[in-house]
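Summarising the annotation, TrEMBL assigns transmembrane segment to A:13-37, A:67-87, A:94-111, A:117-140, A:149-169, A:202-220, A:249-267, A:273-294, A:301-319, A:325-347.
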Amino acid sequence: MLKLEKRPQPSRLWTWVTPLLAVVITMLAGGALFAALGKDPVEAIATIFWQPLFGEFAFYYRPQLLIKGAPLILIAIGLSLGFRAGIWNIGAEGQYIVGALTGAGVGLAFYPTESVLIFPLMVLAGALGGWAWAMIPAVLKLRFGTNEILVSLMLVYVAEQLLAAMALGPMKNPEGMGFPGSRNLRQYESAHNAELITGTGMHWGVVAAFIAVIFAYVLLTRHSLGYHIRLTGQAPRAARFAGVRPARLVLVCLGTAGALAGLAGMFEVSGPAGQVSIDFNVGYGFTAIIVAFLGRLHPLGILLAGLLMALTYIGGEIAQSNMGLPAAAIQLFQGMLLFFLLAVDVLTNYRIRLARREVA
Amino acid sequence: MTTPLLSISGLTKAYPGVVANDAVSFDIMEGEVHALLGENGAGKSTLVKMIYGLVKPDSGAMALHGAPYAPPDPHAARKAGVAMVFQHFSLFEAMSVAENVALGMEEPPRLRDLATRIKDVSETYGLPLDPGRIVGDLSAGERQRVEIIRCLLQDPRLLIMDEPTSVLTPQEVEILFQTLRKLSAEGVAILYISHKLEEIRSLCDQATILRQGQNVGTCLPRETSAREMAEMMVGSSFAAPERASRAPGEVALEITGLSVASPSAFGTALKDIHLSVQAGEILGLGGVAGNGQDELLAALSGELPSDAGAIRLNGTPIGWLGPTARRELGLLAAPEERLGHAAAPDMSLTENAFLTGAQREGLTARGFIRWTAARAFARAIIERFDVRTPGPDVAARALSGGNLQKFVIGREVLQRPRVLVVNQPTWGVDAAAAAAIRQALLDLAANGAAILCISQDLDELMEISDRFGALNEGRLSEIRPAQGLSVEEIGLMMGGAHGMEVAHV
């Protein structure tokens, strides 16, 4: 009989092994899924994990890894701070949209003036927009005790309506011949979040993501604010005893997550996406939740998890077009990753023992 | 010779890293009040859990009335006539006494019939209790009666009681003992778990003493001195804390008219508390659990803010300050709950040293944590307070209760407090560690700190306090010099029998 036995303290080794184990199990279960769909499982797994990096068209896909990974990492870093403190912001998608709208709005307002100040202003506006959207659940929670999970989630749908209204109304391109969507910021030099090094996918959003990773790492391991965040999540009563003010932490965590999500939206709209359109958001804000947990809420883990998630996105698209795998199968595959991670997570705190049946 | 009611032979139960019971054998006769004696962690709880069917032994056998007895679950144990009153009650506070009793029964009768039976049993055994009252309004002693009556309704042959008096005032203890004597006269055997020696001497016929999971001897409590039993429990003699005579200095902590509501629904609000503690003095506050101890500690640590003027530290009003500001001024605290309140279970000792040491030990520099200094502080606590642990990087939850308690108290003591507030400083701690902690508190007072010690252990309070007061339903009794107080006087200060003599039937 198998028995779970609590470890005296969490295993350092397993903390790092479990994500890898989860990836391996996902490959096995995903392979079985693809086989059941009548596709060659080895080829499918290879398409998802190998093609984007080392395949024939890798020169095209590799930059995509950074382009898709950066927003995921940026958002997940912000979310992880709150998750560590037990503050559950599920609405990063909405903060991402609003950040894109405010960022793009500033850029469009200056059109066609050219100035080096415009882009920094857009960055600021994007961060502020996301921050303000996240402050709604924060203030409601502190003032009325509402649940931040529900409020932040519902605000995603409000943000989506706002996005549609903007794309069809105030931000619509006057020279767009009636099509919905704003002017293309890629064609407006002062507002364009251009590639910094051609052919690498490196843009300001990627730089921001790396800075966020380093910043979060230092915050969590060296700064007392990061300590208070961890303490609040692990032992809320001990945190209050230590002198942590929970209200301040709610504002800081939700605010940071909102600002980073807003930044991600702003970098996306001014770069890879180019314009405010009805279907601008593709779910980065939700996927980032998976990325945050896959990376065990650790900044370096999130960096790797974000890249891995981007890889399954890109590889999944290749598998869809080359092998005719249904999109739902790819989404299931990505879902499995989180599922298995949470399942094997138990091994960091418990060990498996073979046990004799106890004598009655 | 008659067959024993319950015969235990060679019971062994091992948990990872510790043998909780090692071949324990003894017999309980019908109508006998049998004490099970031992320090915390000696294996008393594991043993009774095996008898009650909650834990299965690794090896060994039990016999009830001479027949093999191996209950797979508590349900079977109850059917065989074994009942147990736990130290921590399992009652629903929002429900009535009768409803709570019904919940514990296999086939509950209609509530009206049950209420009649509850009244019958409670009158027979002198345990007055109104079946219609809501449990949330009952005192700890009355709640215990609910549990006892729940057991008695099953007509048990063996009644197990786990530390029943830890929540009672001395007067309530006397009422309980009368009930137990009556039960024993009717032939019910009672297995009585405790570490309070005088109680056992007055109540029990037989005593079995456990030490580190082994039966180290039996004795007749009436013919054995408390000292002899204590030495059997501990296995050796240890130094009793010494107190140096000292002259109290100026008033360090002053509380005037402190009233705060409890943050939890069934907590106890503090009502108009007045007290003062002088430098170099230990003020002991007794009282049955749940009478405002947690709230008082929270109000002093800064977790529960109050009117600014209600609490003064060396004359400065601090009632509205948070924990950090109070620490900077020199008011430190150690709460009762070690894991989750005084310390974060999954964090290392270094991180836990930083938890309260950040300000006074200067462990931060412009918001950044000086981990080297924090680790050195943790190491200093470990060395000075003899905390048994591989090192400061171990998670707090990996420490035994006594060692973590030494760490938690040591962390505050080493920060040179002007006023230290502790709640249950030696709860669940072995005798040697308890003595070390009390000595540390006495030394701290001798060096001029003012100490407020909240505890439910009256012996402890009498040993170290200069003055004594008691909390009862959020109010503080008159404070009197500890020396010369009799047990009766203390009991009355704690609220007497909480009106329990008056039957509500």
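Yeah, the Cβs are placed from backbone N, Cα and C, and that goes for glycine too.
Computed from a predicted structure; not experimentally measured.
Within its own chain, the transmembrane segment (A:301-319) is flanked in space by residues 19, 23, 44, 47-53, 55, 61, 64-66, 68-70, 72-73, 76-77, 80, 209-210, 213, 216, 287-288, 290-292, 294-295, 325, 327, 330, 333-334, 337, which lie at least six positions past its ends and keep a Cβ under 8 Å from the stretch. Residues of the same chain lying 6 or more positions beyond the ends of the transmembrane segment (A:325-347) and with a Cβ under 8 Å from any Cβ of it are 4, 11, 14, 17-19, 21-23, 25-26, 29-30, 33-34, 37, 39, 44, 48, 287, 290, 293-294, 309, 312-313, 316-317, 319. Here the transmembrane segment (A:117-140) has long-range neighbours at 89, 91, 94-96, 98-107, 110, 146, 148, 151-152, 155, 159, 190-193, 204, 250-251, 254-255, 257-263, 265-267, 270, meaning same-chain residues at least 6 beyond its ends whose C-beta is under 8 angstroms from one of its own. Between the transmembrane segment (A:94-111) and the transmembrane segment (A:249-267) there are at least 3 Cβ pairs closer than 8 Å, counting only pairs 6 or more residues apart in sequence, which means the two stretches are in contact. Where the transmembrane segment (A:67-87) meets the stretches A:149-169, A:202-220, A:249-267, A:273-294, the count of C-beta pairs under 8 angstroms peaks at A:249-267. Residues 19, 22, 71-73, 75-77, 79-80, 83, 90-97, 100-101, 104, 156, 160, 163-164, 166-168, 171, 173, 180-186, 261, 264-265, 301-302, 305-306, 308-309, 334, 337-338, 341-342 of the same chain lie 6 or more positions beyond the ends of the transmembrane segment (A:273-294) yet place their CB under 8 Å from a CB of it.
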